[in-house]
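Reading through the structure tokens given below for one structure.
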Amino acid sequence: MNDGSDFDATATSSAAQRQVRVQLTSKQEDIALPDNAGPILVPTSLRRYALSTLVNNLLGNDKPIPFEFLINGTFLRTSIDEYLTANGISAETTLEIEYVRALIPPLHIASFQHDDWVSSTDVLSATSPAATWASATISQGQEKILSGSYDGLLRVWNMSSQIVATSPAAADGGHTASIKAAKFVTPNQIASAGLDRTVRLWKYSESDEGFSGTIAPQLELYGHKSGINSLAVHAPSNRILSASSDNSVGFWSTKKSDAPAAPEDLLPSAASRSSKRRKLNSSVTVPQRGPLALLSSHTAPVSAAIFDEKDSTVGYSASWDHSLRTWDLVTSTLVDTRTTSHSLLSLEHLPELSLLAAGTSARHITLIDPRASATTISAMTLRGHTNAVVSLARDPHSTYGLISGSHDGTCRIWDIRATKTDKDGVVGESVYSISRKSLEEQGKSDTKRVGGEGVKVFSVCWDKTVGIVSAGEDKRIQINRGEGVLSA
């Protein structure tokens, strides 16, 4: 069905076609029908498009709004009749159907070119955690993008794709190897980590006009014995979590005065530096500290560590050893272990749903309930990627939304209410797939890349103001945002 005419025609015909009484509701006040709008009789042949036309007619919208429809918390992907049959529901029942705005297609906004692979990205905006924690005001148009690269440098970009600031080289207090993770802690502080085994804190400052700035070394944190794969920050408690290939989770303070001394055996040895390096470093003195704790329980590299969104004294970690572990950060003790069937490569918390999303080496995302009362390990599986899922971020607009970045060269948007049932149980399907703009520009958008060769996505961030920001092997930051369909 491709328009609403079927509804009109059928509604006026004799009762030759099955009908069902539906109650249309919405939790979004600006699109809700009046409270006194009772159930209406509609043909069971209606699908999403015709239902959307019906709701727009009932609302009296001059400009139609695309809607999605949910029955019992699941998106309607068939006709009403097929849904009733599949779920054993009588057409005599009054069916409650919730409608929501359809997701806006994420269009390409901009790409920022780098000299090397881009491993990590973060956003500073009025709605980003760093600004929210600090109660800072970021004016529209003054948002910043942070990137961490395999060339060992941090860069801060403005929305006009100009570099505002670059971190110093290794000789001047910068990273001595590739950066794997970078986050804004506050609007004036950045945390980064990478293959040089250090977590580093930086003071970020801008000129008054905002077109230039500096990233100055502030604190070096030593404790890991192998590369660091990811970071999580929590500015209100001045805490950082790091995930390392040495099988441990690092727990750190962002404040020099709170942190213990750095382990002597892990500090850069003066003997290992060339005379030229010593000379260059002589003007750069950066305080060095150690971890508050190293959480050791995993038996393989730790890929991700995050804070519980509702309780920063709780941490979660995911590892190549197939396990998800829950930590009490006050006592530095292991609380719970959930073992899955595959290596876990990324992690995100969906707090309102009491779920953790974990990206796997087996190309899917598993949703895990970490609560002790949970009877099953995996609550749902999200399938669609064709290579490892290495980055995850929540949808800032929706409790049910998630985005994933994969080595297959795509980012996929998920709404966990968009499901189907197959031999593996309830399986989620992606709502949109975002490809790399670099392929399109090369005229190779239809070219099948084995495993995402050349365009692997390494990091994705979803900001309410800026949009979806992803980074990857194509040496680019890419920004996509839902524009051009709805103004609201």
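Note that Cβ sites are derived from N, Cα and C of the backbone, with glycine treated the same way.
If you look up Swiss-Prot, you'll see 20-101 marked as region 'Ubiquitin-like (UBL) domain', on the strength of sequence analysis.
Looking just at the repeat 'WD 1' (128-167), the mean pLDDT is 96. Positions annotated as repeat 'WD 1' by Swiss-Prot: 128-167.
DSSP labels the residues of the repeat 'WD 2' (174-212) in these numbers: 0 helix, 22 strand, 17 coil. As annotated by Swiss-Prot, repeat 'WD 2' applies to 174-212.
Per Swiss-Prot, the feature repeat 'WD 3' maps to 223-262. For the repeat 'WD 3' (223-262), the list of distant contacts is 129-130, 133-134, 177, 180-186, 189, 191-199, 201, 287-296, 298-307, 312, 315, 317-319, 321, 327, 329, 332, 346: same-chain residues at least six beyond its ends, Cβ to Cβ under 8 Å.
Summarising the annotation, Swiss-Prot assigns region 'Disordered' to 256-285.
Residues annotated as repeat 'WD 4' in Swiss-Prot: 297-337.
Beyond the ends of the repeat 'WD 5' (339-378), by six or more residues, the same chain brings 230, 300, 303-310, 316-324, 326, 385-394, 399-400, 402, 404-406, 408, 414, 416, 428 to within a C-beta distance below 8 angstroms of the stretch. If you look up Swiss-Prot, you'll see 339-378 marked as repeat 'WD 5'.
If you look up Swiss-Prot, you'll see 384-424 marked as repeat 'WD 6'. Distant neighbours of the repeat 'WD 6' (384-424): 70, 73-75, 77, 103, 106, 127, 303, 345-350, 352-353, 357-361, 363-365, 367, 430-436, 439, 449, 451-464, 468, 470, 472, 480; these residues of the same chain sit at least 6 beyond its ends, with a Cβ under 8 Å from one of its Cβ atoms.
What Swiss-Prot lists as repeat 'WD 7' is 452-488. When DSSP labels each residue, the repeat 'WD 7' (452-488) comes out as 1 helix, 20 strand, 16 coil, counted as helix, strand and coil in that order.
Contact between the repeat 'WD 2' (174-212) and the repeat 'WD 7' (452-488) is not supported: fewer than 3 Cβ pairs lie under 8 Å, counting only residues 6 or more apart in sequence.
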